[in-house]
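Undergrad: Below is one structure. I have some questions about it.
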């Protein structure tokens, strides 16, 4: 197609929309913001996003989808404790809420009615923060070219969180009122109140740090899974393998951390070379096994007693 962009279109993300196409000749509009679902090409022309998310993009979306679910589970467990037998049912309900929200979000995204996504390829970190690159040609007037260059990876997370919040408010209060009889009237809704706090926090986190999370989430998963596993096992005083086998709940927590650890390894390697990347998954149980084998040697009471005997 013939390309004629005079005067020059300034700015990293400013582009000209295609007004009409006559054979091989395209007519362009003024330099400005690209419509939603489009981004500029190398010639500063707004082109429609026709690609689909790659494996890493889906892993990122999966991470952002897991955040509210993990927080739901944490606060349900935190406030239920040993007083209520309804924790398991609330866990399942939270899983259904987040799963239904994810399906609804995909069905409403372009192409509508399909679980597939039409997306633009992420090229660099600045693609997430186009609002920082609006040009000022005369240092007085700013040309606003802010648009979603990483369509739809930025806004789809907000839509998902909105669905999660709506479904939680529709389903969870009725469930908790029915089954959480073992808790006091003020305690049974605390996990819902906690969600009303962490959803705005997650929204701000995505708005401000979405691009940073896109590149750092595999390492965040690995570090958090290791730290939380060590804290849980030390707080629960898990010392031997028999402790895990006797209490099935601890075994479920251990396997959950292993799944997160595997998710982080897969996100880093992207499984581009299966023969090299799959053996890395054998390292998933290593931190837990190391902890279980060395916990008895680091017991504070034992260290203090041996220190006292030495004197």
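Keep in mind that glycine also has a Cβ here, set from the backbone N, Cα and C atoms.
As annotated in TrEMBL:
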| type | residues | note |
| --- | --- | --- |
| TRANSMEM | 58-76 | transmembrane segment |
| TRANSMEM | 88-108 | transmembrane segment |
| TRANSMEM | 151-171 | transmembrane segment |
| TRANSMEM | 192-213 | transmembrane segment |
| TRANSMEM | 219-238 | transmembrane segment |
| TRANSMEM | 250-266 | transmembrane segment |
| TRANSMEM | 278-295 | transmembrane segment |
Undergrad: Sort out for me which stretch, of 58-76, 88-108, 192-213, 250-266, 278-295, has the most Cβ pairs below 8 angstroms to the transmembrane segment (219-238).
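TA: Looking only at 58-76, 88-108, 192-213, 250-266, 278-295, the most contacts with the transmembrane segment (219-238) come from 250-266.
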Undergrad: Is the transmembrane segment (278-295) close to the transmembrane segment (58-76), in the sense of at least 3 CB pairs under 8 angstroms with a sequence gap of 6 or more?
TA: no
